[in-house]
Amino acid sequence: MAKEKFVRSKPHLNVGTIGHIDHGKTTLTAAITKYLSFFGRADYTPYEQIDKAPEEKERGITINISHIEYETETRHYAHIDCPGHADYIKNMITGAAQMDGAILVVAATDGPMPQTREHVLLARQVNVPAMIVFINKTDMVDDEELIDLVEMEVRELLNKYEFPGDDLPVVRGSALKAVEGPDDPNDPVYAPIKELLDTMDSYFPEPQRETDKPFLMPVEDVFSITGRGTVVTGRIERGVIRPGDEVEIIGMSYDIKKTVVTSVEMFRKILDEGLAGDNVGCLLRGIDKDEVERGQVLAKPGSITPHTTFKAQVYVLKKEEGGRHTPFQKGYKPQFFIRTADVTGELIDFPAGVEMVMPGDNVEMTIKLIYPVAIEEGMRFAIREGGRTVGAGVVTAIVE
């Protein structure tokens, strides 16, 4: 049996439910699949099945995460749902499943809670482009004014973290009522689910395709081919490369070298173009083997620059996850794995009032590398010490 081909007739978006524990994230995910299953656009996935999220490893960190697929009339969605709070933090920081849009679930019975805030902060730090609010469990609150109050609080919270809290869409309903509803898509219990899906289709922006972004390829290996020159190999992270394109070699120093890719090859075949996701070899004009090394990147001129100092949101592994057993302070110098670069860096600053960072913490810090690497906001990295992963981070701002 051949694998079913993924039909690209509709734009594809990655979305996810976020919010406080027991506010109904997983029930809402189940309700979406139930409603769409009436139209043959999803397989109904009940709560128990989503909740048994399989383990995945991303940058040496184990995360429990469920991937649910469904489509509306106009779009195809991959929806992620995590069973535990720590899984959400780890997922958002490692980028195991990046989100083009998030559905913030808030229970009308509770209003915004500590994890609601933490997820909103993380969504801001990792640049989730858009957010829709689903106020859940409205059937358990008799007074409409109390729900209005919850909506006001959520909008204020979103404003505080620089989301358009006054303008973004808010849908009210009961995910459980929909999950327990009859087999009739026109039953009123499904109205909020339909409203949510219509809102996702209209409000979540279509993501830019990886091939439309400026070319970037981390250098994995360098070979010298007698009579032909220097070939660098790697997996194209984004964009397109064609023979004759000019590229910059960036990283390891502030000195940026320009060269031209004279040939693009994959499995010893010459390509007209290499695309995001392809593992290729690029032949570089006029570059010696010792002028380029693993850890650098090839990139479209002017699209990325080398830096040493940046701010990052970091998740520090617990000892049960294979991380450190003890806290660390400013001045700690682990290895940073940034794309293919492996570089020593120092933690030079923590937030005010933070003296030390404990295993299991999620904290913003400033990092200074011993030499410059191609860095940009939103980029993910791993922190390792003595051959084991001790943390994962995402760049939130470039300092210098």
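Any Cβ shown, glycine's included, is placed from N, Cα and C.
The stretch that Swiss-Prot tags with region 'G3', taken from the ranges 81-84, 113-116, 117-120, 333-336, is 81-84. Swiss-Prot assigns the feature region 'G1' to residues 19-26, out of the candidate ranges 19-26, 51-58. Reduced to three states, the DSSP call for LYS25 (GTP binding site) is helix. Proximity to THR26 (Mg(2+) binding site), judged by a C-alpha distance within 10 Å, picks out CYS82 from the binding-site residues CYS82, HIS85, THR138. Sorting each residue of the region 'G4' (136-139) by its DSSP state yields 2 helix, 1 strand, 1 coil. Note on the region 'G3' (81-84): DSSP counts are 0 helix, 1 strand, 3 coil. In this structure, HIS85 (GTP binding site) is part of a helix by DSSP. Across the binding-site residues listed here (THR26, THR138), the residue whose Cβ sits among the most other Cβ atoms within 10 Å is THR26.
Sequence-distant contacts of GLY19 (GTP binding site), defined by Cβ-Cβ distance under 8 angstroms and a gap of at least six in the same chain, are LYS25, LEU104, VAL105, VAL106, GLN115, THR116, HIS119.
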